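These notes concern the structure reproduced below.
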Protein chains: 2
Amino acid sequence: MPDLHLPLGFQYAGVHCGVKSDAKKPDLSLFVSDRPCAAVGVYTQNRVVGAPVIVDRARTPSDSVRAVVINSGNANACTGERGVEDAQRMTALVAIAVDAAREDVLVCSTGIIGHHLPMEQIENGIGLAKGVLSGSAESLELAARGMMTTDTFPKIASRSEDWDGTIVTVTGACKGAAMIAPNMATMLAVVMTDVAIDATQASMILKEAVDESFNSISVDGHTSTSDTVLLLANGASGRPAETPEEIESVRSMVTLVCQNLAEMIIRDAEGAEHFVRIEIAGLPDRNDARKIAKTIAEGALCKTAITGNDPNWGRFVSAAGYSEVEFDLNQLSLDINGVRVFESGSPVVYDEALVSSRMAEGEVNLHLDFGGETDPAGPVVFLTSDLTAEYVRLNSEYTT
Amino acid sequence: MPDLHLPLGFQYAGVHCGVKSDAKKPDLSLFVSDRPCAAVGVYTQNRVVGAPVIVDRARTPSDSVRAVVINSGNANACTGERGVEDAQRMTALVAIAVDAAREDVLVCSTGIIGHHLPMEQIENGIGLAKGVLSGSAESLELAARGMMTTDTFPKIASRSEDWDGTIVTVTGACKGAAMIAPNMATMLAVVMTDVAIDATQASMILKEAVDESFNSISVDGHTSTSDTVLLLANGASGRPAETPEEIESVRSMVTLVCQNLAEMIIRDAEGAEHFVRIEIAGLPDRNDARKIAKTIAEGALCKTAITGNDPNWGRFVSAAGYSEVEFDLNQLSLDINGVRVFESGSPVVYDEALVSSRMAEGEVNLHLDFGGETDPAGPVVFLTSDLTAEYVRLNSEYTT
């Protein structure tokens with residue numbers, strides 16, 4: 001990523017400190033701003049949460065965050081009071097390193113559940129990371145690698161705009177759900193911008209962006225204990241978002257960055273052979289539409305039909321039927337990769353071999369139209385992967 | 001099943017008429033009572049329903065049902081108005097054959113979705129079936145076989161009691177979710193008794209029994225378009241259930257028969273290598289408990305941990321966490337096959353190799369205690385199977 005424009009005022013580091021056994025793999029990352037940031041978070045809906053989520057929830061929204069520290073290899077979840085103390089200590093160590101208050105440092109952990117963090121290694125790693133902090137794209141990539149568990153590639157996305165001669169930027173790094181591990185597939189993302197926005201604006205922008213991105217993907221429906229998306233805005237570009245157009249522009253950049261990252265997560269879902277895009281049109285309520293899409297995306301019989309390149313529309317239609325959303329079957333039509341297979345509640349004659357061969361190319365598009373008015377913002381788009389024997393093998397290997 | 005005591009006044013038949021291609025496999029079944037039955041049904045919650053469900057819902061509850069006709073191989077679902085006409089015609093043909101009103105005949109279909117029934121074969125089959133009706137256990141087994149799609153064995157369960165010298169009986173036949181087919185894995189059951197109860201009593205009894213049996217199992221969470229459980233009571237034993245004790249006794253027999261059948265469905269879940277029993281104690285609300293059990297039962301990461309004999313309690317605990325039921329993690333304890341692995345919200349040291357080897361025997365018992373009062377009726381028990389590469393293979397084979 002040589003010509004990646006990064007937001008001003010941020011520095012990154014990713015180092016190996018020994019949480020992971022493989023010394024070639026970074027396992028501790030820092031994201032540091034040279035000035036206070038407006039910072040907000042969106043956290044897992046799971047009632048069982050990792051210690052870092054407890055700490056970050058208490059510290060956001062904030063107008064003074066300076067850094068985020070992330071370790072991979074150990075989720076620090078289901079670790080009781082000592083886990084919370086360890087998470088707090090991580091932030092205290094970073095605070096000393098970057099000369100901040102510890103309340104202005106956020107923390108994320110991802111990896112195995114139910115084990116205490118190796119704090120000696122973590123402490124050492126924070127020292128190492130501080131020594132190599134830089135604003136380069138290479139450092140950002142190392143920081144993105146330091147978040148990875150079973151991801152096969154680092155995930156970074158960026159958008160810039162020219163605001164009357166000032167370049168403003170939104171850049172995000174995330175780790176996804178590669179689903180090899182015997183652990184949860186935690187989703188973590190840090191999104192940074194050098195536009196100045198306050199925490200209230202940031203909160204509204206991030207919530208919307210997450211709904212249209214990370215909340216619109218699913219590999220297997222298992223909500224992790226540690227899912228976290230953070231948005232940090234440090235204003236280092238010198239430009240605040242003041243007009244409605246500017247705020248809309250930031251919202252759009254943040255949403256696009258989150259959507260790019262979310263798509264990378266699905267493309268990196270291990271064991272997957274198909275990238276699946278589910279579009280729901282003709283329903284006025286986006287939440288209803290997303291609920292139907294999620295039910296199809298997570299249905300084992302839907303996923304395995306796609307695995308087998310089988311345009312078995314009965315599975316998709318009946319999954320919509322058990323999604324708990326009201327609709328009129330006689331208004332429902334379904335296209336698979338551009339071919340109408342079900343129309344107004346009845347089967348239609350179509351070329352099954354053609355549709356199957358299009359599915360076999362690896363990208364599957366399910367377009368469901370429920371016959372009503374579509375939300376002005378367009379159809380809901382939900383991304384998922386298929387379910388393969390390889391997924392089962394990867395996730396059932398005995399590794400405890 | 002030589003010494004199976006069957007309810008008086010019922011006759012059965014199962015024949016091959018040609019819906020299925022294999023001439024050795026029965027595909028049409030009749031259950032006939034020699035007198036009118038109180039009859040009630042519990043039907044799929046899916047908003048997309050097969051034509052037979054539309055017909056039966058309109059005819060139950062009833063005090064005058066005489067027969068149930070079932071075909072396998074074709075679900076008569078998503079077949080529009082013609083599908084409803086076909087289902088009604090099946091009941092009309094049976095009504096003529098057994099000298100009843102057509103409103104007093106119920107109908108079920110299971111098999112592929114989106115195809116019209118081959119009515120000529122069905123009509124012929126009804127004639128054949130009428131000719132071989134008998135009250136023998138052999139005929140009942142043929143009727144149970146005529147309901148099967150991908151089941152590997154017929155599923156029949158029975159309970160009798162001696163009421164002051166009169167034997168009263170509840171017998172059920174069902175087909176389950178063997179999950180090979182490219183179609184829905186519809187669950188159908190017909191439960192018969194020769195006790196006299198009215199439709200109001202029957203309705204209350206069946207609802208409770210289904211909650212504690214068929215609604216407490218899941219293979220993959222896909223609610224079929226055609227799920228149907230029917231209870232027929234013909235009073236042929238000469239004994240009505242009048243006292244609270246007698247009604248309780250019928251309720252108990254019906255529940256046990258349904259639980260036996262439900263367990264057979266899980267044991268016949270194809271591709272499965274583990275039989276999994278999830279017990280939820282320490283929650284006052286049975287629906288909450290069932291919701292948590294279902295979330296664990298249907299979680300791909302939970303299922304694959306079991307496939308791999310991995311006592312990976314983090315997956316089970318975090319699945320409980322995303323079930324949308326409120327609970328206090330610090331009160332939660334988990335035993336796997338009798339070994340405590342998680343206690344009061346914290347990991348405990350245990351013998352992982354021992355637990356894994358017990359899991360490898362093929363039966364897995366997850367006992368979750370949420371620390372509160374258990375419902376007086378005892379812990380909720382939920383049955384499921386694991387998720388294997390074989391399941392994926394069976395369900396992804398291209399067969400449309």
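Glycine is no exception: its Cβ is also placed from the backbone N, Cα and C atoms.
All annotation found in TrEMBL is predicted automatically rather than curated by experts.
Quick caveat, the model's predicted, so the values are computed rather than measured.
Per TrEMBL, the feature substrate binding site maps to B:T149, B:K175, B:T186, B:E270, B:N395, B:T400. Under DSSP, B:T149 (substrate binding site) is assigned to coil, being neither helix nor strand in the three-state scheme. Other C-beta atoms found within 10 angstroms of the C-beta of B:T149 (substrate binding site) number 26, with every protein chain shown included.
Summarising the annotation, TrEMBL assigns active site, nucleophile to B:T186. Secondary structure from DSSP puts B:T186 (substrate binding site) in coil.
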Other CB atoms, at most 10 A from the CB of B:K175 (substrate binding site): 30
Among B:K175, B:T186, B:E270, B:N395 (the binding-site residues), residues with Cβ under 8 Å to chain A, listed in sequence order: B:N395
Helix, strand or coil at B:N395 (substrate binding site) [DSSP, three-state]: helix
B:N395 (substrate binding site): tally of other CB atoms within 10 A of its CB: 29
C-beta crowding around B:E270 (substrate binding site), within 10 angstroms: 21
